Amino acid sequence: MINTRKTHPLDKIVNNMFIDLPAPSNISSWWNFGSLLGICLILQILTGLFLAMHYTADTTTAFSSVTHICRDVNYGWIIRYMHANGASMFFICLFMHVGRGLYYGSYTFLETWNIGVILLFATMATAFMGYVLPWGQMSFWGATVITNLLSAIPYIGTNLVEWIWGGFSVDKATLTRFFAFHFILPFIIAALTMVHLLFLHETGSNNPTGISSDADKIPFHPYYTIKDILGALLLILTLMLLVLFSPDLLGDPDNYTPANPLNTPPHIKPEWYFLFAYAILRSIPNKLGGVLALVLSILILILMPMLHTSKQQSMMFRPISQCLFWVLVADLLTLTWIGGQPVEHPYIIIGQLASVMYFLLILVLMPVASTIENNLLKW
């Protein structure tokens, strides 16, 4: 049989992306998360498809349809929990992937980075809408609180919120459209992922040193295919440990109570992966200010290439920047913790300090540290 790997139009695309792709010889396990995100996306689309076969997007039956999936559908419980915890694994990989990009200066690949930020926004939107679908207490009140934030937009805010709701409150129309969007967005994410990869392969991968690796490349297969398979096995192992031993570890008990518009839960909070942004939102007493800070906390990633003042791409040889990077990681963990706490002393002030620190680190301290390191190079 003739080997069509390099001649057939379709095979050629796959070959140039995953087989004969020249890759740097020194990329570490931090470069595994891209492929893991791809696996997470495929897993979410497949489990989501099977859930959609049994789910009903109606306020009267949504909650009981999820219960029906868990109790009556063959292996419905495992599909449901793989989907719910798969989202958590997705975001763990996302945060690691973005963190890798920040640490090693991958944001200098502008198109790849900007599409990555759009992908992050799209994934967050998808996850938020997915959380509304089981129609539990936290689903309903989470949807109410987060969509209500848009009312802070001057002049058009109130009309915009009612337009999104499809009425005067979160109701049947809201649930139906959220289900429709939650179904279509992963396919848009998949398409954007292809564009993300397309732009990445225009420049080639970065590497830990941040120095051009053109002189030292190895083929993607078998070196990185086997490495990606190992990463995938570890991902699936972690996911299945979570699903089979403590499926509700990352969920909220309130979501096992059917949605009730007349009874507000004592602490409304989103899923754990949104808590850092939620803490930033809550730390500003003004509604519009809070919403702006919330959006900017993610949108600030777009500014990273402009804030890069160092003569070196990577942080590998920049100890001051390294310290600040890990302070930023600690700050984000603090914000995540604060986001899950009630609004009372001392959590309020800790949240405000952590929020100020977050923006201060990215906008001021890290660019200043880079400039200092540039001057130290002259010595």
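A Cβ is built for glycine as well, from the same backbone N, Cα and C atoms used for every other residue.
Listed in Swiss-Prot for this protein:
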BINDING   HIS83, HIS182  heme b b562 binding site
BINDING   HIS97, HIS196  heme b b566 binding site
BINDING   HIS201  ubiquinone binding site
TRANSMEM  33-53  transmembrane segment
TRANSMEM  77-98  transmembrane segment
TRANSMEM  113-133  transmembrane segment
TRANSMEM  178-198  transmembrane segment
TRANSMEM  226-246  transmembrane segment
TRANSMEM  288-308  transmembrane segment
TRANSMEM  320-340  transmembrane segment
TRANSMEM  347-367  transmembrane segment
Alpha-carbon distance [HIS97 (heme b b566 binding site); HIS83 (heme b b562 binding site)] in Å: 20
Stretch-level contact, the transmembrane segment (320-340) and the transmembrane segment (288-308), CB cutoff 8 A, at least 3 pairs: no
Distance from HIS201 (ubiquinone binding site) back to HIS97 (heme b b566 binding site), taken between C-alpha atoms, in Å: 17
Fewest other C-beta atoms within 10 angstroms, as judged across HIS182, HIS201, which are the binding-site residues: HIS201
The transmembrane segment (113-133) and the transmembrane segment (347-367) contact flag, 3+ Cβ pairs under 8 angstroms: no
Leading contact stretch, 77-98, 178-198, 347-367 vs the transmembrane segment (226-246) - CB distance under 8 Å: 77-98
Rounded distance in angstrom between the Cα atoms of HIS201 (ubiquinone binding site) and HIS182 (heme b b562 binding site): 29
Proximal but sequence-remote residues of the same chain as HIS196 (heme b b566 binding site) (Cβ under 8 Å, at least 6 apart): THR112, ILE115, GLY116, LEU119
Cβ neighbours of HIS97 (heme b b566 binding site) where a neighbour is any other Cβ within 10 Å: 20
Cβ-Cβ neighbours of HIS83 (heme b b562 binding site) (radius 10 Å): 21
